[in-house]
Structure formats: structure tokens, C-alpha cells
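The feature compositional bias 'Basic and acidic residues' is assigned by Swiss-Prot to 322-335. For 375-389, 402-445, 481-529, the entry in Swiss-Prot reads compositional bias 'Low complexity'. The compositional bias 'Pro residues' annotation in Swiss-Prot covers 446-457, 465-480, 542-552, 587-603. Residues or ranges marked as compositional bias 'Acidic residues' in Swiss-Prot: 560-576. Annotation comment: Swiss-Prot describes ASN104, ASN163, ASN435, ASN510 as N-linked glycosylation site. Summarising the annotation, Swiss-Prot assigns region 'Disordered' to 298-389, 402-630. What Swiss-Prot lists as signal peptide is 1-22. Here Swiss-Prot flags 23-648 as topological domain 'Virion surface', drawing on sequence analysis. The annotation topological domain 'Intravirion' is assigned in Swiss-Prot to 670-697. Positions annotated as transmembrane segment by Swiss-Prot, on the basis of sequence analysis: 649-669.
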Amino acid sequence: MHAIAPRLLLLFVLSGLPGTRGGSGVPGPINPPNNDVVFPGGSPVAQYCYAYPRLDDPGPLGSADAGRQDLPRRVVRHEPLGRSFLTGGLVLLAPPVRGFGAPNATYAAHVTYYRLTRACRQPILLRQYGGCRGGEPPSPKTCGSYTYTYQGGGPPTRYALVNASLLVPIWDRAAETFEYQIELGGELHVGLLWVEVGGEGPGPTAPPQAARAEGGPCVPPVPAGRPWRSVPPVWYSAPNPGFRGLRFRERCLPPQTPAAPSDLPRVAFAPQSLLVGITGRTFIRMARPTEDGVLPPHWAPGALDDGPYAPFPPRPRFRRALRTDPEGVDPDVRAPRTGRRLMALTEDASSDSPTSAPEKTPLPVSATAMAPSVDPSAEPTAPATTTPPDEMATQAATVAVTPEETAVASPPATASVESSPPPAAAATPGAGHTNTSSASAAKTPPTTPAPTTPPPTSTHATPRPTTPGPQTTPPGPATPGPVGASAAPTADSPLTALPPATAPGPSAANVSVAATTATPGTRGTARTPPTDPKTHPHGPADAPPGSPAPPPPEHRGGPEEFEGAGDGEPPEDDDSATGLAFRTPNPNKPPPARPGPIRPTLPPGILGPLAPNTPRPPAQAPAKDMPSGPTPQHIPLFWFLTASPALDILFIISTTIHTAAFVCLVALAAQLWRGRAGRRRYAHPSVRYVCLPPERD
């Protein structure tokens with residue numbers, strides 16, 4: 001007895017030292033409680049205003065129940081509670097719940113919080129308590145056990161559960177609304193909590209009960225050093241193996257539908273005190289304090305987007321800017337990149353295509369073969385065929401045809417391999433579209449010398465081979481002309497006009513098609529034929545009498561299918577981007593079938609980080625949108641093997657080896673024992689003494 005008393009006295013003295021709580025050596029509250037910043041029924045905010053790791057509470061014991069065992073007997077609906085503050089910081093939202101079970105009994109609690117927006121009701125936090133003392137709110141210290149904390153965002157989430165309350169960081173004037181569902185025994189408490197920062201009072205969307213709260217939120221001080229380096233991130237935010245939704249997408253639930261643990265994508269295994277610290281750390285990182293460590297007293301609307309304390313700078317919408325207006329983008333943003341689309345498809349507003357857009361100013365093109373305009377009232381002509389040389393495989397000629405019964409061949413067009421801005425009067429009247437180009441004037445020089453060697457062609461700009469149609473005379477070769485030269489034949493031109501020829505049956509309307517060449521890293525243009533069935537080359541005007549009209553070209557995707565270059569995607573399969581001149585089919589033959597698409601032949605990995613955006617067939621769903629089913633739980637061979645299937649195989653192999661060794665040892669011991677027994681038997685042979693008769697002399 002005399003030896004125990006000094007030890008008890010020493011333990012009592014150590015437990016009462018300043019700066020410790022309960023003799024555990026863990027620092028206490030960083031500042032005394034502030035009763036001015038307290039919601040009714042809640043705890044002081046200052047107790048949970050820290051940004052360093054603390055382990056004051058006991059840890060959770062396990063996972064939450066997947067399904068609800070029994071429905072609550074009574075539902076209690078509370079009035080909405082709203083608060084408005086002048087400054088930003090951490091705010092503790094406590095629901096106005098009174099009466100926590102009978103005084104001398106235990107109860108179980110199920111706490112769930114939802115974040116409400118105009119289009120979603122997202123569960124953000126879920127926790128279950130068990131064995132709670134009656135008359136006291138559920139908490140890790142007043143309950144016998146509690147489960148892991150399931151989170152709806154992150155990692156890490158910016159909210160934290162404090163017993164049955166919600167710790168929220170606020171910094172903007174945009175109000176946030178939360179819904180709580182707290183089940184205490186057989187009662188289910190439901191209500192709304194609303195909070196905002198800034199302004200002269202509650203916003204116009206605040207409930208009538210909202211009022212200005214005295215005091216203000218608490219801003220946690222910046223901890224010295226790096227105390228979170230020793231804390232594994234898996235403790236406070238890990239993937240939930242039982243999540244049944246799509247990854248990286250918020251889970252929205254219908255109104256009044258209770259959330260289950262499988263509705264939240266992440267789970268935290270840390271105790272409550274550590275989760276409160278990570279919430280304060282997240283707030284400090286998002287608020288971006290000044291150099292002296294002082295946070296600003298107030299944040300303007302949208303401070304987290306474009307203010308001086310923005311945590312994450314807004315990502316520039318390069319792709320969207322290039323899709324909407326190529327001329328309004330900074331030239332540095334539109335730098336050449338590998339995998340850039342080489343042809344831009346646009347039409348004017350008169351087209352039926354949903355992606356048509358009028359051209360603002362004519363832009364220079366890489367190489368365009370233009371044909372002289374033909375007046376519809378002039379003498380009818382027949383299409384002339386122009387065969388470009390092999391080294392100019394990426395050029396094409398513009399063909400102009402008048403819709404008359406007879407046709408006379410017109411002089412072929414002269415292809416130009418040099419870059420020159422198209423003249424204003426070069427467009428064929430009545431074609432229904434204008435010449436468009438997505439190349440910048442600053443990137444394309446006005447004039448360049450004629451190349452003497454074949455220019456390199458890109459994989460995406462290689463034209464599709466065409467099947468020669470019916471011709472009355474052999475075509476004449478096309479010769480490159482000087483820059484800005486007219487496409488009409490001259491006296492010095494080697495091209496001669498073809499003899500007139502008549503073609504029976506109706507002919508196609510005026511069609512003007514120009515193909516361009518583009519070097520890697522630049523953008524070319526290609527005219528698309530009019531979508532009007534009266535002027536389309538494959539429309540009813542070309543089909544023989546009595547044949548069914550071909551279906552109109554279908555839309556092959558969203559706006560990304562017809563957008564300009566700059567997004568790092570390969571060109572789509574569109575026949576209008578091949579730069580081929582449409583020819584009038586023979587009336588005696590059916591219209592030719594639509595040629596197959598050209599697939600890009602770039603090696604894998606050349607498209608860069610935007611390779612996952614490569615379009616796939618419609619029948620195949622994108623791999624990133626496919627729901628990943630839960631991993632099947634491992635069924636161990638024995639109850640004590642719970643690690644992995646490899647452990648089962650290793651255990652079987654080890655058991656087999658040990659069993660074989662044991663059998664060999666037993667057999668060897670038996671063999672040795674048998675030999676030892678045999679030697680004992682023959683070591684002392686039985687000797688018989690025989691009396692010999694005496695010898696006689």
C-alpha cells in the first residue's frame with residue numbers, strides 16, 4: 001500500500017500539467033471557446049478551429065450498415081435555419097434537435113448531410129453511431145462506437161462532421177444550402193441549414209427565419225512546418241470499394257431519398273479530430289493567405305475564380321475558344337501541334353447544317369485551284385476533267401456546271417501550288433456557300449516561290465483516290481501558274497479547250513469544290529457541297545428517273561465533329577474534307593456509292609494528352625463512361641486467410657512441402673529403427689554347447 005500511493009500521486013500531478021488534456025500529451029484547444037459564434041444546440045466553433053493533425057477522439061470501428069434495418073416510427077421536420085456572416089471562415093452548422101433518447105437507455109444514431117443545388121441533391125457526409133448514452137448528443141466520446149465517415153467529394157472533402165453538426169468553410173457571397181437527416185432511435189429529424197458570407201443581410205433567397213449572426217466565423221491559424229507529411233492521405237480520403245455510381249461524377253439522389261454508404265464515392269478511416277483538422281487545412285489552402293499569414297477580412301463575389309486569393313487559377317477554355325471564333329484567340333494559343341485537324345468544314349447560314357457559320361473576313365488558304373465563274377444564262381457547258389500530276393496529289397480543280405439539258409466542255413482549270421489569298425469574285429455564284437479557312441493570316445505568308453520538289457503531304461491531308469467517270473475526250477495535264485494568275489486559259493497557256501460534247505439527260509447544278517493542301521501544324525480548308533437536294537451532286541437532279549432519292553447526309557456527332565483545328569483531335573470521316581471534285585454520273589448507271597471514310601494512320605501515342613478524346617464508333621460506349629462494377633470480395637480458402645488469393649496458393653504450397661518433408665522424416669526414422677532392431681537380434685546369437693564324447697586312444 002505504501003508503494004502504490006506515491007505512484008498514484010505522481011500520476012495525478014502529471015495529468016494536471018498545463019497544455020495537456022487528460023494526461024494524453026495532446027495539446028488542448030488553441031484558443032478559449034467563443035460563445036458568440038455558437039449555433040443553438042451546437043458546440044463552440046473555436047474548439048474545432050485548427051489546421052494541424054490531432055488524435056483526440058477514439059477511432060472508428062468498422063463500416064456502416066449497407067441497408068436500413070427498420071424504418072423510423074416518426075418523422076420530425078424542423079424549420080429552415082439560416083445565418084449570414086460578414087467575413088469568411090469555418091462555421092459550425094448545428095441542427096435544432098432536442099432530446100436524445102431516454103436518460104437511462106442507449107440509442108443508435110444515423111447522421112447524413114446533403115448539399116442542395118438547383119440540379120442536384122448530393123450526399124456529402126454519412127456516419128453511424130452505436131451505443132450512445134441517452135440524453136446526450138451522439139459523438140465519438142458519448143457513444144460506444146461509430147463507423148467510418150463516408151464522403152461525397154474530394155479528395156479531400158472540404159466539409160467535416162462534428163458529432164451531429166456540420167463544419168462548413170465559407171468565403172463567397174453565394175449561399176449554400178444543406179439538408180440533414182438525423183435518425184435518433186426511432187425518430188428521423190429532417191431540415192435545412194443555410195449560410196452565406198458578405199452583404200448587408202440575408203440574401204433574397206434566404207428563408208424568413210434567417211438573421212445576422214453575431215460575431216463571425218473562425219479562421220484557423222497557419223500551422224508551422226509541415227505537420228501533415230506524416231499523415232497518410234488514405235486515412236482521411238480513400239476510394240469507397242462499395243460505391244455503385246460513376247467515378248468522378250457527383251451522385252444525385254431524388255428528394256426525400258435516404259442515402260446509403262454505396263452512394264458516396266470516398267471513405268475516411270481517421271477519427272473525427274483528424275478530419276476536422278484536414279478541413280481547416282483545406283480552407284487555408286483554398287483561401288491563400290497573404291505573405292504575412294493574414295487572411296483578408298472579406299472576399300468579393302467570385303474571389304475563388306478570379307480574385308487575388310484564387311486557390312486554383314481558372315483553366316483557359318482553349319478548346320471552346322477555338323471552336324467558337326478562331327480569330328478571337330491569341331496566336332500563341334493557336335500554336336501548331338501534332339494531331340491538329342487539317343481541314344475545317346464550315347458553311348454559311350443558308351445551309352441546313354447546324355454547324356454552319358458565315359465567314360467574317362476572307363482568309364488566305366494554302367493552295368486553291370479556282371475556276372472562272374459561269375453565268376447561268378450563258379451557253380451551257382459540259383464538265384471538263386483535269387488530271388493533276390503525281391507530285392501535286394493534294395490539289396484539285398474547281399468545276400462549274402450549268403443545269404441545262406446539253407453541255408459543252410469548258411477549258412480546264414489551272415491548279416496553283418502557291419499560297420495566295422483568294423479574290424473576292426472567285427466564288428461561283430449560286431453555290432450556296434462561301435470560301436472559309438481556319439488558317440491565320442499571320443501564319444501564312446502572302447507569297448512564296450514555286451516549289452521545285454514535291455511538297456510533303458500530311459497523313460490526314462492525303463486525298464482519296466477517285467474513280468474516273470465517263471469522259472468524252474482524254475484530259476489535258478494541269479500546269480502550275482504564277483501567283484495570282486487567273487484560272488482562265490490564255491493564249492500562252494499549253495491547255496487547249498476540248499471539243500464540245502453533249503450529254504443526254506439532266507445534269508448537276510453549279511458545284512464549286514476546292515481542296516487545299518496544308519503542312520503539318522497548319523490548318524487548311526475544304527468546301528462542302530450544298531446540302532440543298534436541288535443542288536447537291538448526289539441529289540434528285542443526278543438520279544435517274546424513277547430511282548429513290550438518296551438519304552440526306554446524317555449528322556455524325558455533336559459540334560465537335562465539325563469544329564476547327566486546335567483541339568488535338570484527328571480529322572473526322574467526312575467526304576467533303578477530301579478535296580475531290582464531284583462529277584456528274586451517267587444517267588444510265590446508278591449513282592456511285594458513297595466512298596468509305598479515311599481513317600488516320602498516325603502511330604499510337606502521337607496525339608498527346610488528348611488521345612482519350614478520339615471518337616469511337618457509336619455502338620461502343622466510351623471506356624471512361626462505363627460503370628465500373630464493385631470488385632468481387634475475396635473468398636479465402638480458410639478463415640484465417642484474408643489477404644489475397646496469392647496467400648492461399650502460398651499456403652497450399654507451403655503445407656504440401658511441409659507435409660512431404662514430415663512424411664520423409666517419418667519414413668527415414670522408421671527405416672533406421674528397423675535396422676537397429678535387426679542388429680540387436682544378431683548381435684547375441686544363441687550358442688548351444690554339445691558334450692563331446694571323450695577321445696579314446
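Just so you know, glycine gets a Cβ as well, placed from its N, Cα and C.
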Alpha-carbon distance [ASN163 (N-linked glycosylation site); ASN104 (N-linked glycosylation site)] in Å: 20
ASN104, ASN163 as glycosylation sites, winner by CB count within 10 A: ASN163
Assigned conformation of ASN163 (N-linked glycosylation site) - DSSP reduced to three states: coil
